[in-house]
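TrEMBL has this to say about the protein:
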{"type": "ACT_SITE", "residues": "Y150", "note": "active site, proton donor"}
{"type": "ACT_SITE", "residues": "K222", "note": "active site, proton acceptor"}
{"type": "BINDING", "residues": "R204", "note": "(S)-malate binding site"}
{"type": "DOMAIN", "residues": "127-258", "note": "domain 'Malic enzyme N-terminal'"}
Amino acid sequence: MIFTLRNAVLHRHKPITARAAISFIASERPTTALKKLANKRPASFAAAEADIAVEDCTTAQSGFAVMRTPVANKGQAFTKEERAAFKLRGLLPVAVTSIELETQRAMMQLRRKSTPLEKYIFLQNMQDTNEDVYYRMLMENTVELLPIVYTPTVGQACQEFSHIYRQTPRGLYISINDIGHVAEILDNWPEKDIRAICFTDGERILGLGDQGANGMGIPVGKFSLYTACAGVPPQMCLPVVLDCGTNNEEYLADPFYI
């Protein structure tokens, strides 16, 4: 069972937490939620902070910390002034490029991958490394990349999810063993202004049957499209897997199953 933007939870006056969003879903009519989302959607992705501002970082977040933060990392597109301010000198090649050129480089690298799944893994790595470049890739090459980020490739990605799993959080996993701790789990999510939540219990993924926790690929993929195609700010999106277990014998016998 998947709740997408039809069940988006919005607040007109102040940010809401993930906990408040989930508690509100049951009482919100889908059509009402969608209308609210349309009213709140920014006029452009740029207005929704598509270009992640390095100015948002503090001097305490410098050097490796900045480069390892996907929303702040700009790769070689950091200016000379930014490299000095954030202690990046020596951590990057001397040449200063543009974010446009960084995006072109990433597309060149992606097109060298031979299979759709390899391209999917590359894009996930880019999302975990440089969100600015990742979303620019999707927005500027939507027709080419949509089948990679979502159907049909996301189906194979879900089937292989435990084998290609990266140690970076892209959503919340709430299991049947977390009864009594759900509020704590929701509070663990770093973003507090959540406007859209996409759930899956992994029971039926794209006609592939029970995928269990591997179903996380679906809400993650959906939100990438919502951002690239509709300008929904990624920091306002929360993918969630309701992990109630799986009856898939192949996964139960797989030591890598997450």
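From the backbone N, Cα and C atoms, a Cβ is placed for every residue, glycine too.
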Other CB atoms within 10 A, centred on Y150 (active site, proton donor): 20
Between Y150 (active site, proton donor) and K222 (active site, proton acceptor): CA-CA distance (Å): 7
K222 (active site, proton acceptor), number of other Cβ atoms within 10 Å: 21
Mapped DSSP class for Y150 (active site, proton donor), helix or strand or coil: coil
Averaged pLDDT score, the domain 'Malic enzyme N-terminal' (127-258): 95
Distance [Cα-Cα, Å, rounded] between Y150 (active site, proton donor) and the residue listed as '(S)-malate binding site': 16
Assigned conformation of the residue listed as '(S)-malate binding site' - DSSP reduced to three states: coil
